[in-house]
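All remarks here apply to the structure that follows.
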Amino acid sequence: LPLLLEATLLWLASGSHHPFYNGFYYNHIMNDKGNGQEKVVYFNGAKLVVETPKDPVYSSNGANVTLPCHYHYEPDLEAKRKIRIKWSKLRDDYTKEQDVLVAIGKTYVAFGDFRGRAHLRQAGRREASLVVSDVRLQDDGKYRCEVIDGLEDESNVVDLRLQGVVFPYQPPRGQYRLNFHEAERVCQEQGAILATFNQLFQAWSEGLDWCNAGWLADGTVQYPIRLPRKPCGGLHLAPGIRSYGPRHRHLHRFDAFCFSSALRGEVFYLDHPAGMTLEEAKQSCQDVGAEIARVGQLYSAWKFLGLDRCDAGWLADGSVRYPIAKPRANCGPVEPGVRSFGFPSKGRFGVFCYKER
């Protein structure tokens, strides 16, 4: 890039210091009466409008997705104008926005995890849509499309939601042993990330009922209740998401709510007549060119691929579980779900393996 253009792009991406004006730039000058009131100066006589879809855009892990964004003027301006476009991702905890991409004309720069995965789609007139390839779990969230025309600056928001599954998780040490940072780590170890409130709410609306409190991505601690009962906030509270609010990220300890999306591979079950220890199970998966499955992968296979197996199997964290899509006798409760035997120190079981396609 020419040095001047590169400097301009970096300056645009350096922060969210650009004010969001509602159509026109308001020049701070005195009016004719000199009483301190401001008057409006219209620099080009037209209002800049940025439009994005009101409904969420849905995608899944590993897919490609387009976040639509278009702009126009009221009244319309025929003359071609030099437009700057900036995309940023809003953080769940409302701290500084994450820079995604900035562009001037056909030249653009993508940032951070979006480098090499994000570009503009400018197929139509006055289009500023963002294309993200190889979607990752962390991409879920709200994105701001900002259009800058000289002194005018307008924006709108697109909500990207990944189709996924939320599952509660506690480590082998037992209940309420994780601070926030440990909760982040254990979810990642299970092929997942900490769930957002919106993801937990969606899971609750689909039937998730769990009486243990867990960390969410914004640092709050909450839990979903479908059937009110005494140990879970009381009999007289309505169903909903119970919240402990923000907790100290180092000192307080709870479980975790993890979020996983669709798989790029398959989960399958291996058995042995005499069963297997955990180490034997890991080796069995490796022998067939796979790896022992993680908890998030098992939940995703159950949710999206309908994996149904009434045989307990080892997973990578040392737990023993099995997925039931069609409840039946001798396979646990009457609801579909992933059943858990906990973390047995002894015993011989089958194993769930995962293999990339």
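Every residue gets a Cβ built from N, Cα and C, even glycine.
According to TrEMBL, the feature signal peptide maps to 1-15. The domain 'Ig-like' annotation in TrEMBL covers 47-158. TrEMBL lists 165-260, 266-355 with the feature domain 'Link'. Here TrEMBL flags C211-C232, C310-C331 as disulfide bond.
A simple Cβ count within 10 Å picks out one of the disulfide-bonded residues C232, C331 as the most packed, and that one is C232.
Helix, strand and coil residue tallies for the domain 'Link' (165-260), in that order: 22 helix, 30 strand, 44 coil [DSSP].
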